[in-house]
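TrEMBL annotations:
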- 34-51: compositional bias 'Basic and acidic residues' (COMPBIAS)
- 58-67: compositional bias 'Basic and acidic residues' (COMPBIAS)
- 79-114: domain 'EF-hand' (DOMAIN)
- 115-150: domain 'EF-hand' (DOMAIN)
- 166-201: domain 'EF-hand' (DOMAIN)
- 203-238: domain 'EF-hand' (DOMAIN)
- 34-67: region 'Disordered' (REGION)
- 1-29: signal peptide (SIGNAL)
């Protein structure tokens, strides 16, 4: 179940984007922003509580994040069901009239990969200024930080100044990690690794390091329990902690802090945000099948999917509703 504030660590990015609003349109390319770090545990499906608006919203945001998740309110329920039916036919790869968990997992992985590469394609022209189908570090730096670098006095003694000073070297470090051949330019694949490092094995150390730097406020190289909680919950003055925060403290003690020393090191952070035995697509597919499988035969007919269309159009199987707005031949 999603918790309020979980994984929404956007303070740095918000300050930076506010500064970029002042820049000319050509210079308003967005800096890299870290995705949500908390992965939904693959709990026993039989213990999953009934779906409500909050859990639907979690399905909606689990892979794309709050800003990128798509809604399906552009269409009537009848239009959504009609288009969803066509997608079901595509998911049923062997054409036997049933959608299995494995078929659904394969489809979700395909949708996730397509989203990532579509996202890179949309922003490519903002960075590839010389149109050579590569993006150099200088091109990226100028597109993202050019206004700040050219007008440093506007940011003197402001929070934005601190934000830029922190984000610029961090982006350069990530760019170099993605640049496998070390030529200071990124191919489309390398730039995809730069923008979506969590999807690439050779970038995972950067993901862990950036997560540590974000949460470790006292700079000791570890994440203690209060820092862990502060990343997802802001204390109101004299206000009590909600029950879910107390539950997260228990999670920290029981499951995050593996060596029980009261803090998380890099290995424990990696285990937390990049669990080796967790498959996002598998968990999402199991969840969708479990919630829609009326006769409990562990596979779905088109009728069962359409009867639960509300859940599917808010899931990754339909790119969070976006695919329902596309023509069939675009999928």
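Cβ from N, Cα, C; glycine included.
TrEMBL annotations: computationally assigned, not manually curated.
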Contact set, same chain, for the domain 'EF-hand' (166-201): CB under 8 Å, 6 or more residues outside the stretch: 12, 16, 31-32, 35, 116-117, 119-120, 123-124, 127, 133-138, 140-141, 144-145, 207, 210, 213, 274
Tally of residues which DSSP labels helix, strand or coil - the domain 'EF-hand' (79-114): 27 helix, 2 strand, 7 coil
